[in-house]
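Copied over from TrEMBL, here are the features:
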- 73-91: compositional bias 'Low complexity' (COMPBIAS)
- 139-148: compositional bias 'Polar residues' (COMPBIAS)
- 167-179: compositional bias 'Basic residues' (COMPBIAS)
- 274-421: domain 'YDG' (DOMAIN)
- 496-557: domain 'Pre-SET' (DOMAIN)
- 560-693: domain 'SET' (DOMAIN)
- 703-719: domain 'Post-SET' (DOMAIN)
- 73-182: region 'Disordered' (REGION)
Amino acid sequence: MERGFGSESMPPGSVDKSRVLNIKPLRCLVPIFPSQSGMPAISTPQASFACVPPTGPFPPGVTPFYPFFVPPESQRPVEQNQQTPTVVNNQARPYPVQSPVPLNSFRTPAPHANGGTGPSRRSSRTRNSAQQDADEDGNSNSQSQSDPYVSGYSMHATDVEDTSNGGKRKGRAQKRTRSGKQENLSSFTFDIDSIVNDLLTSFDLLGLDTYQRVDGDKNLAGRILVVYNLLRRKILQLDDSKDATPGVTRRPDLRAANLLMTKGIRTNITKRIGAVPGVDVGDIFFFRMEMCLVGLHAPSMAGIDYISVKITGDEEPVAVSIVSSGGYEDDGEDADVLVYSGQGGINRRDKQVFDQKLERGNLALEKSLHRANEVRVIRGLKDAANPPGKVYVYDGLYKIHESWVEKDKSGFNVFKYKLIRVPGQPEAFKLWKSIQQWKDGVSSRVGVVLPDLTSGAEDLPVSLVNDVDDEKGPAYFTYFPSLKYVKPFSSPKPSLGCSCVGGCQPGDHDCPCIERNGGYLPYTSLGVLLSYNSMVHECGPSCVCPPNCRNRVSQTGLRVHLEVFKTKDKGWGLRSWDPLRAGAFICEYAGEVIDSSTLEELGRENDDKYIFDPSRTYKPLEAVPGDSAKFPFPLVISAKNCGNVARFMNNSCSPNVLWQPVIWENNDELYVHIAFYAIRHIPPMHELTYDYGIVQPDKADRWKKKCFCGSLKCRGYYY
């Protein structure tokens, strides 16, 4: 605190520096779990206190997991230094404890005086940060957010083992229909463990070795995050199909993370100072647990992450990362400077406010000031698509240049730390500020050729930008936002539309549109696709639900700000000004539906540049029911003469966008559309790409073109 005291922001003599600086460095305290019968204790060599292992209460049938349960020798992960067991309290420990992430207990919420359950209060930046997170539907849950470590996520009766027969029970629910009769929804069964294992198998994540868990890379971190979001959305979809249970908190984000971590599916588990392998500056996250899984920021709620380092025989904490998300009075308007507030100063029980103390994270930040080590900074920004939620942007490495104490609005002392961004890093938060200025009209986008390529055909304008060369735009075409059908496909059996006057709702098993989707509503209220299927059935013209129905996502046109831009070596491309969630709808492939027999002629004329052919072979993102490799309709779309922004999406062998067939039914007519969704979270100004697929072998040589996607998995060509 040497540099901070004496600044103009602090009256002279108001703080006794000697008393503050006299505090001894904290030690890293890791609990020792006394061994259960025949099992060794788990600890670290530096730990000096013991506690009773937190063995519960767990819900009936839930198997305790590490660190609450020490697995048998045959099931333990292979860790570093396994050859030299550490001896603690006269007991051998065969592998070290990695940096822990607070796992949520399964404690039942404490009853209130009136007999109900409610949230308990938690202090410091942890409590404030918890209030920032909201579920995918934009509804924050006060119970889980005010005390996430206590309430955690709910374990529904449908998700646990049935101890009466000794086997696992799949989820079953009962639903009262509109006629008042009880309906046993046995068709809506699931086994969450099978879902997890199928995802891990599809993405080659089973059996991660020690090296992969300790040090990741871009590919591994990306696969883990894709699996996490697929699993989280599946859990949300399954929960939506069931009746809400009073007093039960649903947090699919926490539950999905715990399911993966108990199977060892995470990377960069060893805390480190500086950059994290596999995480790039500018990467975005919509859930705190995503940062835990890839090792960017280990605490699931706390705003300051730190480690203990040994200095001249003693240990002291140093900060490795911070999250600034609006819970405290931080000053983060400057793109290269952040004034960060310390943690603490609020009593968790009676909300009594007091002076902050130089301990824990505050002490770690002070030590980092004197050591001049780099600190990772994650900024939590407002999510325009989901106002209660946040978008967490990794803004790169900063160094602490100054610290001081000042009085906050309540009149109590608060620690302040001034961090300055290390130069030479890619733009992140600064880019977000520039985009907001473009939207507000404060500044102009450089290189704009046309402010709106759509000429008003879309609700949101699409800029045409070229800051590479002097080309004025692509070849002329007519902008058309949807498909031009000559004749719709015939339905094998006519179907009636839904009668959901207020819009289709999850769990309404009387809705025929939901029934056609396997009993689940395919989208969240934010328009995010919950799971990929061979077909998505949206409400059609014969349905009475309104245009803003939750099951009409692809019919609403563009919902994000897009721009068509000139690339350096791939012609024109497409990217978004807005952040895109995994599963977010982007656009459909618009154009004219043509006869598939004309494909051969187009290929000979080399005029197939703007053709979408779903009969090609595409690698599915995940296993889907049915024969997903064969498209059931002879649908071929040409966007040469008329089309929308999708015609500018380039090929990539490692795409971030996936297409999905969507059907709108109207009695005996079927209208098939091709909709594009984000595979993973996509930061602003990142090019949107999808895999063009593989043609039939007899056409491969004639239609092969050189690929410039630049990915590590590039095949070198596309069709």
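Even glycines carry a Cβ here, placed using N, Cα and C.
Remember, it's a predicted structure, so these values are computed and weren't measured experimentally.
Same-chain neighbours of the domain 'Post-SET' (703-719): 219, 569-570, 603, 608, 616, 650-654, 689, 692-695, counting only residues six or more beyond its ends whose CB sits under 8 Å from a CB of the stretch. Counted with DSSP, the domain 'YDG' (274-421) comes out as 18 helix, 65 strand, 65 coil.
The domain 'Pre-SET' (496-557) scores a mean pLDDT of 91 in the predicted structure.
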